[in-house]
Protein chains: 4
Amino acid sequence: MDKALLLYSGGLDTSVMIKWIQENLSMDVATLTLNVGNSDLVAIEEKARMLGADPVFVHDAKDEFAEKFIAKSIMANGSYEGYPLSTALARPLMAEKAVKYAQKIGAKYIVHGSTGRGNDQVRFEVSIRALDPSMQVLVPVREWNMMRKDEVEYAKTHGIPVKLDGKYSIDENIWGRSVEGPDLEDIGKGVPEDVYEWVVPPWKANAEHTLKIAFDGGIPSEIDGEKMKLADLIVFLNTLAGSSGIGLIDHMENRVVGLKSHEVYECPAATVITHAHRYLESLILNRNEAEVKMNMDWQFAKFVYGGLWHDPVMNAVNAAEAEFNRDISGEIKIRMSHGIMYIEGAWGNSFLYSKDLINYSSMAFDQRASKGFIDIYGNATVHSHNRNPKMVKEVQGSSVEF
Amino acid sequence: MDKALLLYSGGLDTSVMIKWIQENLSMDVATLTLNVGNSDLVAIEEKARMLGADPVFVHDAKDEFAEKFIAKSIMANGSYEGYPLSTALARPLMAEKAVKYAQKIGAKYIVHGSTGRGNDQVRFEVSIRALDPSMQVLVPVREWNMMRKDEVEYAKTHGIPVKLDGKYSIDENIWGRSVEGPDLEDIGKGVPEDVYEWVVPPWKANAEHTLKIAFDGGIPSEIDGEKMKLADLIVFLNTLAGSSGIGLIDHMENRVVGLKSHEVYECPAATVITHAHRYLESLILNRNEAEVKMNMDWQFAKFVYGGLWHDPVMNAVNAAEAEFNRDISGEIKIRMSHGIMYIEGAWGNSFLYSKDLINYSSMAFDQRASKGFIDIYGNATVHSHNRNPKMVKEVQGSSVEF
Amino acid sequence: MDKALLLYSGGLDTSVMIKWIQENLSMDVATLTLNVGNSDLVAIEEKARMLGADPVFVHDAKDEFAEKFIAKSIMANGSYEGYPLSTALARPLMAEKAVKYAQKIGAKYIVHGSTGRGNDQVRFEVSIRALDPSMQVLVPVREWNMMRKDEVEYAKTHGIPVKLDGKYSIDENIWGRSVEGPDLEDIGKGVPEDVYEWVVPPWKANAEHTLKIAFDGGIPSEIDGEKMKLADLIVFLNTLAGSSGIGLIDHMENRVVGLKSHEVYECPAATVITHAHRYLESLILNRNEAEVKMNMDWQFAKFVYGGLWHDPVMNAVNAAEAEFNRDISGEIKIRMSHGIMYIEGAWGNSFLYSKDLINYSSMAFDQRASKGFIDIYGNATVHSHNRNPKMVKEVQGSSVEF
Amino acid sequence: MDKALLLYSGGLDTSVMIKWIQENLSMDVATLTLNVGNSDLVAIEEKARMLGADPVFVHDAKDEFAEKFIAKSIMANGSYEGYPLSTALARPLMAEKAVKYAQKIGAKYIVHGSTGRGNDQVRFEVSIRALDPSMQVLVPVREWNMMRKDEVEYAKTHGIPVKLDGKYSIDENIWGRSVEGPDLEDIGKGVPEDVYEWVVPPWKANAEHTLKIAFDGGIPSEIDGEKMKLADLIVFLNTLAGSSGIGLIDHMENRVVGLKSHEVYECPAATVITHAHRYLESLILNRNEAEVKMNMDWQFAKFVYGGLWHDPVMNAVNAAEAEFNRDISGEIKIRMSHGIMYIEGAWGNSFLYSKDLINYSSMAFDQRASKGFIDIYGNATVHSHNRNPKMVKEVQGSSVEF
């Protein structure tokens, strides 16, 4: 009998799939559950076994997620039109693990629980095929005709515990919490307050915090002088910054499949780290680097959002980002209060910013050079007006009011 | 005797220049004072006459500034690395007027009061030369050797009223207030609270406001249903949003002359309008437009920041921006509280966002098309791995932990 | 009975479709044949009637193709990785006409003859849906299982005249001839000489021609002083330049569907016009315009190649291109010989190039300004090395060989 | 007495400088002559000694130039608006060596012979300051008032051998020959034939050659199966391709100082290598890589042309380019005839191009997936027309001619 490896979350959809694949496709179902956030691996493992999955794999991947995926996004200020790429970063990791476990057990099929309307199907399937073109992907939600009540019915008749999800569709990992659902679809209304779980809404957030984040080569490495593993540092900041109201994102998004969707993200750690990283960059990188990096950051976000983590173009993007981050070391002191971050100081050995150069009474910058600079800098613009002197004529011809 | 037209602000530097030019360059000095913010034209005019300038021009240019300059920036979400371009937008207007008045009175020289370390000298001089290549520009601050105490001495001996500026160097117009100065130069410290004048610091801002802004073709046209001239709408929003703590920007900037400088901006209206404009765009523009516009917005900001408003490239940039904004009409309801803006609703006739398309139970989007889409969308990525199967091998060869 | 409008070329595939749709889909078939090149509309009309199509529309669209489609591409130096977009420019025109005629006769279906492996299906279908989302598109080749011999058999049994196509798959319009086919697929071989029809291969092309092309606002308007309609000018240049060996393009292409394909293009007029247009631009546009236009040109090519002519982003792209071309007027003298073009002179009233400015003994450019320029221009680069003085140390530490 | 190190070419300008600096600046003059092309180091060394320079350094840098500078440009298809960057690539090498030798002998000054109107002054001075900010640069041509006849007079009275340069101003290295001069300044005329030295004009070039170039990681490594050092390979190709009429470039250029200048380049090897490299890329890189690399290539060219070789941004650009070139290995067979290059075959192990995928009768690509692909790919475009149905209405309202 053929084997299928199911990416199993423990929720209703993927629980139904275990039975459905056994029944309809006559395959043995193995499950793989990855923890990149706060999953209860023990309970999920037990449930999978109870539903007849075999083997049942569970795998804590938080550190790998932080060090191989989130770290690259921090270096690139990962932001797709304002979205910090949380779910988008986890999908390629899941695809890698799924391929690895499927190959291990000789499964020819990988099954995922995403729908046919979203981005995640794209991310899973492109990565899986890129890693192993012989692997086939099954997507029951795209094929079957079950509505929610059919699923519940099916679950009941097949002995699957039904714990109904809330009214929102949610994906979580340590880099962020993504929320969508019918209550967000009426754009004539604001975001309902019950969406928020990680972040105390700013108008209620009374906890003010000030801390120092140290970066080493673009990656946050210490909080207030204490070295932390990246995953731990992120989890710590999620709590702290969330309590100060930091990290709410109300986002109108262009999905890969060409739909616009209204999403809410809660990303306290991502918000703080990116703000500090950008500020440090602004002190260190010169304007040539800043302009080229701005474009590279966009490429990074566009490809990752679009499910192309495993495209070879990412080797070049990441190589450039690594260079841009080589000197991004230093410390940023940041105050978080009612949803806003204030920079309270910055220290480092590689700052391009120099108090001595900028000071008005400084002699390090000879302002008499400016005349020659401007004359030549402006040449291309000025000469262009010889080409078309209309504008000057308009100025000359216009009436002057006193 | 040759005539010089001085761009006169009424402050110490340009007041000293009137006398200095008369004495040292033996020229007649005319002055031009433009109001693009809150200048007291009557007092300034009187002072100029008292110092012997003749003729003395004053000109209220707030509406022209709003409609010809700020409006274009709103359409382009004008932001240079985070700075809303306030001063940068006013300089080309001043250059236009200066050329016009200088030509009117037959002056061969235009004099401005900017230093040789900043961006404004570049903006004035490139625009003036572009508009009238025969015009000569004098920049006393770059040439003379006066320190602040020399200036005060000079003023006293020449009967110039000395009202000392505060510790910050400030430029203001209706689109924003720019602050720099020695107290901002120590990057190891946060921004001192006495910098702020327009914005109540968020941690003290108790005034909460909710309002609706209507846009017509990319330009804000109404507040809460009341039509307003753009300049009036901006002035109104500065007060309102400022009282809610909106519009503080702490910015490390790459000047045209290659220096980094630490600037603080207060831009309440610009912040609110840009936020609302971007949100409206996200509902209306498709992803192709969003990506190309992102680049055009950057070009707009880069050229305007760099003093190239009058470069012919701006004709193309502005033509593209006008097209992108043609359908940007609708209304945004926005709540402002403690420095944060919340979108509370959006309405319009040209939204690409559609509740019907995105809803999970909708049939308008056939999710079975997704399989074919993903297969083909991923081809370029997947085939690339035939080229270099190393990654797959690494996955296969790696150990699997249970 | 439902009606289908077939885009009819007169070839075997679309002739078979007339009968096949009648038989298999029980629809009335109307045909539309557009001449954008050298189609024999009379013969095609007769053949369509003979096969039972009704009504049979034929439409000469050469001038509209030139003035509304090719003209925009000329302004944008339309080139997708080296391919002058010939077929890609005609497809959206055909889609517009197909929608118009289908609406005219109340047809709910438009049928095209492209395969499921290429770009044209994308271009037809996106444009048709954009123009009329209610219109349905039928693509028999993607659905049926006929191989070439099945088609011939089907034709014979249905009274369809069989004139076998040659060994290449060809698409032609006045802007170019596209060739693909099995004989081009072995990349270990060069292009077979029998591919070429429009261009005498350079090594055999003995005809040398010299001519002057005048441009007006970016569009070629005269040859050797004689005003010509754009379509006529293009047809004229195809013959003339083709006889001088101009216009062969050997191209490895990234199709929209993610495949690479080896294509040969013959585009004599497009090659000459683009070369002259670019040269004129290089004399007129300043470097800011040149850099922004380079990106716009790429966007134009990418979207048109990808079938997105009717995407609203094109309004912005074309608006920018129109501005860039406003001053592109003048005359270029060009010699064509053995496949190479030589510029023999250029004349115009709006050249930014100025002999007087560049001449070494000229005083119009004050070279003493250069020192100040370079000092400030280099600041960002030079200061960056304070940040990381490793490179200087490497220089100092390295051994010097005599 | 202070010491100055002069970058000495052996020509009239720099020979005069030796004496002029001794006389006018009372410095000891050392000279450094680098061979990056075909310089006669023995004769130049002798001349420098004869004029009193001490020490006199000569240094053959051809291999270093090829392997550290040209190689990077090959990977980036180095081309600034069509110019293969020959001179621009050599200047930063010269700056590196000048700083090294100047530090070696304790010279505080480096002297170069470039004028104040061109790009080379920028390249020398930015690189020198970046490598050693304490180093001062002297540029006699920008300071003195000598015209050509004054120089000749000065030379005669100071015992400097006068060998007048020809009518063109020329710079040569193995990557190309750059020509400018008064005879090229009249843009109403074509390029005079006496400009050409390296390339037989195509209309006279009777030598036809066919050869195979092998690339390894983006760098040409063999000709016709024979391994060659890069510098030798380039020199070999200059002769061979030049005899077939390859490598003439007629170029209107935007200099860094804002002037347009008419330049002629002869770059046979650069032209052949770049053509082959690009073709190989088109077979290997996917479209995502191709698009991002196109932008990186432009950044490379813009920064190198603009004298910013030593800007840290180049670390990121070069890191990305190295990744893009990792798989660019294979062999290209190329026929050169009368100025044109024809690809006669290509072989390699990492081609993304696949005959099997593209063949029309192949089953490897399932064309039925295309419908789903196009439906979703077109969504953003199609939905946008709901936003503004004007276009459809225009189509519906237009008259149809029969």
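Any Cβ shown, glycine's included, is placed from N, Cα and C.
For A:Leu7, A:Tyr8, A:Ser9, A:Gly10, A:Gly11, A:Leu12, A:Asp13, A:Thr14, A:Ser15, A:Gly113, the entry in Swiss-Prot reads ATP binding site. The number of other CB atoms found within 10 A of the CB of A:Leu7 (ATP binding site), across every protein chain shown, is 22. Under the DSSP three-state reduction, A:Leu7 (ATP binding site) is assigned to strand.
The annotation L-citrulline binding site is assigned in Swiss-Prot to A:Tyr83, A:Asn119, A:Arg123, A:Ser169, A:Ser178, A:Glu253, A:Tyr265. For A:Tyr265 (L-citrulline binding site), the same-chain residues lying six or more positions away in sequence with a CB closer than 8 A to its CB are A:Tyr83, A:Pro84, A:Ser86, A:Gly176, A:Arg177, A:Ser178, A:Val179, A:Gly247, A:Leu248, A:Ile249, A:His251.
If you look up Swiss-Prot, you'll see A:Thr115, A:Asn119, A:Asp120 marked as L-aspartate binding site, on the strength of sequence analysis. A:Asp120 (L-aspartate binding site) falls within a helix when secondary structure is assigned with DSSP.
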Length of the line joining the Cα atoms of A:Ser169 (L-citrulline binding site) and A:Gly11 (ATP binding site), in Å:
11
By Cβ count within 10 Å, point out the most packed of the binding-site residues listed: A:Ser9, A:Ser15, A:Asn119, A:Ser169, A:Ser178.
A:Ser15
Alpha-carbon distance [A:Asp120 (L-aspartate binding site); A:Ser15 (ATP binding site)] in Å:
18
Check the DSSP secondary structure of A:Ser169 (L-citrulline binding site), expressed as helix, strand or coil.
strand
Quick one: of the binding-site residues A:Leu7, A:Ser9, A:Gly11, A:Asp13, A:Asp120, which has its CA closest to the CA of A:Glu253 (L-citrulline binding site)?
A:Asp120
Quick one: what's DSSP say for A:Glu253 (L-citrulline binding site), helix, strand or coil?
strand
Rounded to the nearest Å, what's the C-alpha distance separating A:Ser9 (ATP binding site) and A:Asn119 (L-citrulline binding site)? Just drop the number here, would you?
17
Taking CB atoms only, which of the binding-site residues A:Leu7, A:Ser9, A:Thr115, A:Asp120, A:Tyr265 fall under 8 A from chain B?
A:Thr115
Which one is it, among the binding-site residues A:Leu7, A:Gly11, A:Asp13, that lies nearest to A:Asp120 (L-aspartate binding site) by Cα separation?
A:Leu7
Cα separation, A:Thr115 (L-aspartate binding site) to A:Gly11 (ATP binding site) (Å, whole number):
14
Could you round the CA separation between A:Asp13 (ATP binding site) and A:Thr115 (L-aspartate binding site) to a whole angstrom and send it over?
10
Looking only at C-alpha atoms, tell me how far A:Thr115 (L-aspartate binding site) is from A:Leu7 (ATP binding site), rounded to the nearest Å.
13
What other residues of this chain sit with their CB within 8 A of the center of the CB atoms of A:Leu7, A:Tyr8, A:Ser9, A:Gly10, A:Gly11, A:Leu12, A:Asp13, A:Thr14, A:Ser15, A:Gly113, the recorded ATP site?
A:Leu6, A:Val16, A:Met17
For A:Arg123 (L-citrulline binding site), which residues of its chain lie six or more apart in sequence with Cβ-Cβ distance below 8 Å?
A:Ala88, A:Arg91, A:Pro92, A:Ala95, A:Gly307, A:Trp309
